[in-house]
Amino acid sequence: MSDDTTQIEPAMAQETSPRANTRKVFVKTYGCQMNVYDSQRMADSLAAEGYVATDTPDDADLVLLNTCHIREKASEKLYSALGRLRKMKDARAADGKELTIGVAGCVAQAEGQEILRRAPNVDLVIGPQTYHRLPNALARVRGGEKVVETDYAIEDKFEHLPAPRREETRKRGVSAFLTVQEGCDKFCTFCVVPYTRGSEVSRSVKQIVAEAERLADSGVRELTLLGQNVNAWHGEGEDGREWGLGELLFRLARIPGIAHLRYTTSHPRDMDDSLIAAHRDLRQLMPYLHLPVQSGSDRILKAMNRRHKADEYLRLIERIRNVRPDMALSGDFIVGFPGETDQDFEDTMQLVRDVNYAQAYSFKYSPRPGTPGADLDDHVEEAVKDERLQRLQALLSAQQYAFQDSMIGRKMDVLLEKPGREAGQMVGRSPWLLPVIIDDNKDRVGDIIHVKIVSTGTNSLIAQKLA
């Protein structure tokens, strides 16, 4: 998953102008797609309480920072942002006005009370498993409490979250995220997710189908199923049998209006036969798979507790490409894990050459407090990490540009997602996730049109519409 920083657009605003005394919320989202989804669901719960969204903290009554804890310096980024908000809160107080500040997400879960100690201006700390309690927590804040909600909830948070209004969902576009699984039981030694998101939990088929049908009814054409280990999803199917993600995808493909399906992020150990069959048989399932491996060295994979070997990963890729020859792969890589030798790194480079990725994320290892990796000796020098990362990224970039160039001359169906920057221009999404720019002023957002790729841009494709 990427670690972009986004904010929730003011999609919950009513069609009519809000009253002058309406409370406004600004939500800033750091991190992965699951945080984007979580921010939207928090916004939905606040909309039910009368809040409307704003695209700036300057006129917000409530500012929520939905945080990520995967990368190094996540906490420093948070406290820097809180420092800026403290000045804003002090200025409001001088004018007799209030600003409520909340911290949500994985840093909130990891640090809890420590956030209140370091940033006394914060009013609310709420973890990712308890944001269904957000309205109640805010009521307690208005009563004068400083609130920390980071206990893992016994109740199912999704059962307690209000469904977004149809007009609000429409404003979010024709592509949507849908969380189907949370948490992780793999305990990779470098990763904080099991400690911030908890153990693996799968949403019920009934919940997922109902939410997907609501999204489709609101005009959504493409669904991306989300989970920390999304292909670990399982549950009782409508036929009474135990379903895996493959069976779930077959069920969602039957929903009228849903034209494209995707899922992320996957673990190699959970790619089962039914899921591979879905890639073979479902035309709605896009030929793009994010399948992190982290290293090409068996020795490092063992130290990371990945519980598979490099050749097992390569054989899995071969199986998938045998049933879906046009499959494009993306991945995640960590360089400089404790004990990584030159040969270990060269093994990673060779695996990258063998797979030939369409796109991948790569990072220097940074120890995360509380993880087993943080206690390992034989740390790699920063200069060595830097040199290895540069080499790996150069190879991955070359593969990415080669993949984009291979699209030139190809014909494909593209889902139109939004107007482009130029008049009459539209931006769509290729089956392989790349943005596609088309000079077209007749079709509408949500239409699927047939195009030919004529050139490439920076991380995008340029296309002509075909009759």
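Numbers run from 1 along the shown chain.
The backbone N, Cα and C atoms fix where each Cβ goes, and this holds for glycine too.
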Identity of the [4Fe-4S] cluster 1-site residue among Cys68, Cys184 (reference: Cys32, Cys106, source: Swiss-Prot): Cys68
Annotated region 'Disordered' segment (source Swiss-Prot; candidates 1-20, 161-180, 261-280): 1-20
Residues that sit under 8 angstroms from Cys106 ([4Fe-4S] cluster 1 binding site) by C-beta distance, when 6+ apart in the chain: Gly31, Asn35, Thr67, Cys68, His69, Ile70, Ala74, Gly127, Pro128, Val192, Val193, Thr196, Arg197
Cys32 ([4Fe-4S] cluster 1 binding site) and Cys184 ([4Fe-4S] cluster 2 binding site), Cα-Cα, nearest whole angstrom: 15
Cβ-centroid neighbours of [4Fe-4S] cluster 2 site Cys184, Cys188, Cys191, 8 Å, sequence order: Lys186, Phe187, Phe190, Val192, Val193, Pro194, Gln228
Other C-beta atoms that fall within 10 angstroms of the C-beta of Cys184 ([4Fe-4S] cluster 2 binding site): 23
Other CB atoms within 10 A, centred on Cys32 ([4Fe-4S] cluster 1 binding site): 23
Alpha-carbon spacing, Cys32 ([4Fe-4S] cluster 1 binding site) to Cys191 ([4Fe-4S] cluster 2 binding site), which is rounded to whole Å: 14
Surrounding CB atoms that lie within 10 Å of the CB of Cys191 ([4Fe-4S] cluster 2 binding site), all protein chains: 22
